[in-house]
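These features come from Swiss-Prot:
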- Lys75: active site, charge relay system (ACT_SITE)
- Ser150: active site, charge relay system (ACT_SITE)
- Ser174: active site, acyl-ester intermediate (ACT_SITE)
Amino acid sequence: MSVQFTATALARAVTAGETTPQALLDQAVARAEAASTLNALVSLNEQAGAQAAEVSRRLAGGEALPLAGVPVIVKDNINVSGTRTTCGSRILATYVSPYTATAAQRLIDAGAVIVGKANMDEFAMGSSTESSASGPTLNPWDLSRVPGGSSGGSAVAVAANLTPVSLGSDTGGSVRQPAALTGVYGLKPTYGRVSRYGLVAYASSLDQIGPFARSAADLALLMNVVAGHDPRDATSLEAPARFQAGAPEDLKGLRVGVIRESLGGNTSAVDAALNTTLEALRAGGATTGEVSIPDLSHAIAAYYLIAMPEASSNLARYDGMVYGQRAPGSDVSEVMTLTREHGFGREVQRRIMIGTYALSSGYYDAYYSKAMKVRRLIAQEFSRAFQEYDVLVTPTSPFPAFRRGEKTSDPLAMYAADVDTVAVNLAGLPAISIPAGFDLAEGGVRLPVGVQFIAPALKDELLVQLAGALEGIGAVQLDSPAGYAAP
């Protein structure tokens, strides 16, 4: 019997006895191995078979499992007990986690089977998934192009139909931007909505775990599982919610504000996708208008002057003494120096150096402190915009997937890839990237583009509802790349 390749349909089929967790696991592993050229995964979970058997046992005992047997891939900075967590870095190449992140454990508790770990930019520092010690991940729409980052492996796993859903992390756009460049949904929840316990830290005041999916219903399903308070995460929020995909009638009366500062510098295909989405919203009964976030022009600078100092502090623990690889040396100082020199890649070293400089005596007020003031201003400007509009909209990325190597020698150009996404993290808001169209590149290659919707804090469920409503009126441009159709 053919089952639709969504988490919702697969869980229903397993519960009804139409297929088994082991059969779905075998299928996912076979598809991952067949698509190994994409380099979406860095490892398979050796415990997955035992997880599948446990799901079958629990179902036989009468348990109701919302993710019964659903194969899931998680980013390689989300700890799963007994598996390697490398964060895409040589320094953690042999590190095996002794515990499981709360988000991953909630997936397992709900009946999901974790197939493996997804490739990523080293320590989540990048926008292309090119800096991983395991090599770059390829975009299934065009193998010469990047999938975005830093959660490129998680995005590709869903775009190429290896699994119906996956988890990534978003510090400045690392779920939304690769979702846009690979043509799937990517949701960045409100800061604190999903526990960060067990997520390897990059910038602790910005990091947030979020899901990738191919349907609004699957986003709702995952968020109902992973969201919720966790006493082991001091930033976790007590904010119960019920996520549900919306219907076309939910668009009636919705007030949508287009952020004026996001309208310049986009490719024509990105502008066309945004305009088509706005037309669909108006046809569905929503109203649209423009709104200004004046300090958005300072968001990139403020973001990196906050993220890099936090990274320099968080990554100080990787010194060869406790975690990961250790380089030989004649004394402690030499061991630490060589361990970090050989263990960290070039981009990570760059960000640690800049972050340390920004925190140093005499420069703290000029850089980090000033960036924090800009952060507060941006948050206030978003709050004012939400007094007039229910949601805000921008392109997710000003351009579609770029070629591998195109921006690696120009860090500023790579940082600018996040121009439409970083402000959301600075303000701690929820945002979603929705597949909105395609750019036609040379040779007739279709490259996905995305549109980003932003909601007030703790209104994450509104974004999932909106995604479902747009699906219902045919405004979501979701497809599979050639050679990677759903099973």
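Heads up, the Cβ atoms here are built off N, Cα and C, so glycines get one too.
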| said: Quick check: in three-state DSSP terms, what is Lys75 (active site, charge relay system)? | reply: strand
| message | Under a three-state reading of DSSP, tell me whether Ser174 (active site, acyl-ester intermediate) is helix, strand or coil. | response | coil
| query | Rounded to an integer, what is the Cα-Cα distance in Å between Lys75 (active site, charge relay system) and Ser150 (active site, charge relay system)? | reply | 9
| note | Close in space but at least six residues away in sequence, with Cβ under 8 Å from that of Ser174 (active site, acyl-ester intermediate), the same-chain residues are Asp121, Ala124, Ser127, Gly149, Ser150, Ser151, Gly168
| Using DSSP, would you call Ser150 (active site, charge relay system) helix, strand or coil? | coil
| query | Across all chains shown, how many C-beta atoms besides its own are within 10 angstroms of the C-beta of Lys75 (active site, charge relay system)? | reply | 33
| request: For Ser150 (active site, charge relay system), list the number of other Cβ atoms lying within 10 Å of its Cβ atom. | output: 35
